[in-house]
């Protein structure tokens, strides 16, 4: 199954907002229990999630961002999910200890059959350094998210003035090395569609497979930016493959560009990533 592209956050304090998120075109709805929920509303937010999971016919992919698992609220979140048999498709662990949190969460949940896929939020200097130094992917981890807002706070820099291209590129690179999915940070200007699309293009060009969103309006034009139309490369890749099989030069000119075997490998890698077995 391909990794979803658009991941839309919604605060779990208001059921009306949760319903709107479910009705949106987002690939995954992230029900948030962390930053968007005041301390006094944590328990009410958990109850809202329980009500949604009990009342809704499951026609969408769900994710729950719990609180930091090393904090009491994070443990309370996991115990609540366990006690109420709530099993989202994905579970997002914020401010993650890259080496320990996934193991802790999966064991506390106690779900042995079809447990949620775990994603770690890389949003502190410590987790960033941990992640880049991993020799292999931690058990139970499906992928990582980058959280630029908390990362900026940890670095004591203004998040509005930093795109963190260097950190985003590093996270994408290390994710590819570990063969896990990387989901890029949200763009926090919900009004400027041009900048929103630019941010999405950056994410795709750096190798991220998806993007976090904080408002449904950001869904416009995002998914298509991450899609690949294999048909546009059909003639080129077929010509390259034929040349290789016949012993001719596999590097050929098409219009103003020169392509060779790396293009064919790129198309196959992208189709594999997107869950398509054959390039037609």
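The backbone N, Cα and C atoms fix where each Cβ goes, and this holds for glycine too.
TrEMBL: automatically predicted annotations, no manual curation.
As written in TrEMBL, here are the features:
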DOMAIN    7-216  domain 'HpcH/HpaI aldolase/citrate lyase'
BINDING   65, 123  substrate binding site
BINDING   123, 150  Mg(2+) binding site
For this session: Just name the winner among 123, 150 (the binding-site residues) by count of other CB atoms within 10 A of its CB.
Result: 123
Problem set entry | Number of other Cβ atoms within 10 Å of the Cβ of residue 65 (substrate binding site) across all protein chains | 25
Exercise. So what's the average pLDDT for the domain 'HpcH/HpaI aldolase/citrate lyase' (7-216)?
Worked result: 95
Exercise. Expressed to the nearest Å, what is the distance separating residue 123 (substrate binding site) and residue 150 (Mg(2+) binding site) at their Cα atoms?
Worked result: 5
Seminar exercise, completed: Rounded to a whole number of Å, the separation of the Cα atoms of residue 65 (substrate binding site) and residue 150 (Mg(2+) binding site) comes to 15
Seminar exercise, completed: Reduced DSSP state (H/G/I helix, E/B strand, rest coil) at residue 123 (substrate binding site) is coil
